[in-house]
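Undergrad: Residues or ranges marked as transmembrane segment in TrEMBL: 43-65, 85-104, 116-134, 200-221, 233-255, 261-284, 305-321, 327-344.
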Amino acid sequence: MLFGTIVGSLADKQGRRRACVTYCITYILSCITKHSPQYKILMVGRVLGGIATSLLFSAFESWLVAEHNKRGFEQQWLSLTFSKAIFLGNGLVAILAGLFGNVLVDSLSLGPVAPFDAAAIFLAIGMAIILSSWTENFGDPSENKDLLTQFRGAAVAIASDEKIALLGAIQSLFEGSMYTFVFLWTPALSPNDEEIPHGFIFATFMLASMLGSSLASRLMARSSPRVESYMQIVFVISSASLMLPIITNFLVAPSKVKGESISFAGCLQVLGFCTFEACVGIFWPSIMKMRSQYIPEEARSTIMNFFRIPLNIFVCIVLYNVDAFPITVMFGMCSIFLLVASILQRRLMAISDKP
């Protein structure tokens, strides 16, 4: 939240291509720190990882949108690119990376740091591709603004344009629920230390996400329904799917036996979680499409990193208090947030045509 927001926002001023190269370098350095057992060095690695994550979620998308518009491509192609990126990157490549990491650690017995070394190699390849084939683009190169002026300009844009403010709130609510879910699904499925196949379940989640992104590409290819319209339904479905652990907790008697295989209630919850992951698959390309429409080009990276500040604060608060509340309360909170996101999406739909 602290370092990533500042560095991520520099992408508009210093260049998006340069920011993408910086992402590769910082994450390679973060991977190298994993070889040290010293806490201070590992903490430096987390700072570098925070900077890199912020750049990953803003600089690449900002570069793509600017390059797409600069070349005069059809706006519809942007939606297809986003959905393919989620389908192949967040879905297929995530599954393959997980399997490859498993092979390095278990089959080849190269130790728990081996996946980080492999990641550093892939990052170096990515950096070589960026340096050799990408052109540079900027946010607003006409004025030599300092960082504080950039932040002020981004804050004014969010405050003065209701569509940008709504988009930021929707993104923070959904992503906050999504990251909380990442920490909750394992204890939800094994409350009595049940033996659950974590890798297989994660792969199933990724398949559901791929299915969602594939559905999103079909929805965005049509003129009707619009993104602003169908996302209301997606948020309601995702809210209902995270209510399932609460419902099963009341309706299905919990098992008292330790270390069994996954329970019947757990199986029902897996179905709900897969539905949520499918909604995540629809969310990513859809939010990218809306960001490309509503966020002004000159401060795209800065505004996108602004959106991540409440998200990071929320996740920090949730993790710090994760033991203070029952797991059903946490899921209920996420479900309410998603319902609020649906209401805000309805408002965005109502004002989307206004200049």
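Every residue gets a Cβ built from N, Cα and C, even glycine.
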Undergrad: Using Cβ atoms only, state whether the transmembrane segment (327-344) and the transmembrane segment (85-104) have three or more pairs under 8 Å that are 6 or more apart in sequence.
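TA: Counting Cβ pairs under 8 Å (6 or more apart in sequence), the transmembrane segment (327-344) does not reach the transmembrane segment (85-104), since there are fewer than 3.
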Undergrad: If contact means at least 3 Cβ pairs within less than 8 Å, sequence distance 6 or more, would you call the transmembrane segment (261-284) and the transmembrane segment (85-104) in contact?
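TA: Result for the transmembrane segment (261-284) with the transmembrane segment (85-104) is yes.
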